[in-house]
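Undergrad: Here's a structure for you.
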Amino acid sequence: MSTKRRKTSDEPSALKKAAAPSAPELKKEKKVKDKSTKDKSSTKKTEKTEKKQDAPEPAEESTPATNSTEEDSVTLDVAPEQEEVETVKKTFKDLGIVDALCEACERLGYKNPTPIQEQSIPLALQNRDIIGIAETGSGKTAAFALPILQALLDKPAPLFALVLAPTRELAAQIAQAFEALGSLISLRCALILGGMDMVTQAIALGKKPHVIVATPGRLLDHLEKTKGFSLRSMQYLVMDEADRLLDMDFGPILEKILKFLPRERRTFLFSATMSSKVESLQRASLRDPLKVSVSSNKYATVSTLKSNYVFIPHMHKDTYLVYLCNEFAGQTIIIFTRTVLETQRIAILLRTLGMGAIPLHGGLSQSARLGALNKFRAGSREILVATDVAARGLDIPNVDCVINHDLPQDSKTYVHRVGRTARAGKSGHAISIVTQYDLEIWLRIEAALGHKLDEYPLEKDEVMVFKPRVEEAQRHARNEMKSLMENQGKHGGLLKRKRGNGQGGGRDHMDAEEG
């Protein structure tokens, strides 16, 4: 986002004009219905004792703005003796968000706050450190972006906030969200990723952006090597997908980054799970935080998601995959595989059969990965074949179906994969292909979910109609993969990544995310 400026230190007039109130007043969340009935005429005492009072009518249900699974975990149970309560949909204005940002939310189609936003935004506006625990697709980005932008409106300053994300795709997505929400207030946002030119990034940092969104490895490179770059005046720190940051061994880098930051700051830590590593990071980086959780359990999936499986012989996996893609033809599909090579092969297989498939994995260059995501988001490709690089954090709207061609190795990854669909209250479908070799993993996944999943209804004869065409496409895919590997072998191999410009290359591979 480009913005004309007279001086680097001058803040945009739009920031000053739309200054936010320092202590926004929150409106009441619920209206209480008085349903107690009074008798106009006196009755006999014996009738009162003999007849029991009629049970109160159930409160009217309001259509939830987001999935009900999340709401259940943060709503207090009402005792039968208590008066009934009608839940009223809140707006962002009700949470204390100023008009300029509410207008930006409306433009982006954010009608009502999600549960994590509803719980965390008022606390963030009170200048509290926050730990937010919520499933993927729950709207965590806006939950921390809106309070930061509102604080920036109140007291404009350069290098105001830093957001750390585990992967380049997630960082790019967060930066886009900040730019979209801050479009009416002349926000300047810098995206600092590994694999990009350090000099160009240093120039962007020298322009003193309001918000920096970065992957940890490349940010530390700039803190250590870029002359004149300092975050000592930074006021907000966000660590998004904190559990993923620590799973990718960013812990030592985060410790070093924290030493470059001021102690007097607000810190928001958002995560899908609360592991022991995340708790350690919390103790090291947050002060007297308030915990907000809208996760019903560790392996929760949203209520709008329909999950099924097909149990088949391993030799027919591709045939069943093609059948399922044909069943969901015209809809957007993400297919998850376990390896980079399998991702590439499946994409070639489906393209050979005339389907618009595109691969996404850690072996691709950064520009190729962003290009694949943009094509899928824009609808020019209806099928995204991906490794777990796409399972966490990426905001890919309107995904109709997720197919697990290869099962993940753990239950947590399963939840994150299927969380790519049925986002923000929308419905979605997830189907897992289970073979005789996957039974142990599948039983562990069902045990973690706490219930058995239903088998997807299909007729074997209808599936086997695709077998001859699939076998022909498999042969073509094998030949193309062989040629691809031979060509890539001459240039360092499909799985090898090129270093950046020689600066910080040792850390660049970490935020690239393995395939």
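A Cβ is built for glycine as well, from the same backbone N, Cα and C atoms used for every other residue.
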Undergrad: According to Swiss-Prot, motif 'Q motif' applies to one of these ranges: 90-118, 119-147, 293-321, 351-379. Which one is it?
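TA: Checked against Swiss-Prot: motif 'Q motif' maps to 90-118.
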Undergrad: With the cut-off set at 10 Å between Cβ atoms, which of these binding-site residues ends up with the most neighbours? Options: Ser138, Thr141.
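TA: Of Ser138, Thr141, the one with the most crowded Cβ is Ser138.
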Undergrad: Far apart in sequence but close in space: which same-chain residues, 6 or more away, have a Cβ under 8 Å from Lys140 (ATP binding site)?
TA: Ile116, Gly132, Ala134, Asp240, Phe270
Undergrad: Let me spell it out: take the motif 'DEAD box' (240-243), skip the flanking residues so only those 6+ beyond its ends count, and list any with a Cβ under 8 Å from a Cβ in it.
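TA: Sequence-remote neighbours of the motif 'DEAD box' (240-243) are 140-141, 144, 163-166, 170, 174, 269-275, 277-278, 281, 392-393.
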Undergrad: Within a 10 Å radius around the Cβ, which one of these binding-site residues has the most neighbouring Cβ atoms: Ala134, Gly139?
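TA: Most Cβ neighbours within 10 Å: Ala134.
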Undergrad: Going by DSSP assignments with H, G and I as helix and E and B as strand, what are the residue counts for the motif 'DEAD box' (240-243)?
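TA: Here the numbers are 2 helix, 0 strand, 2 coil.
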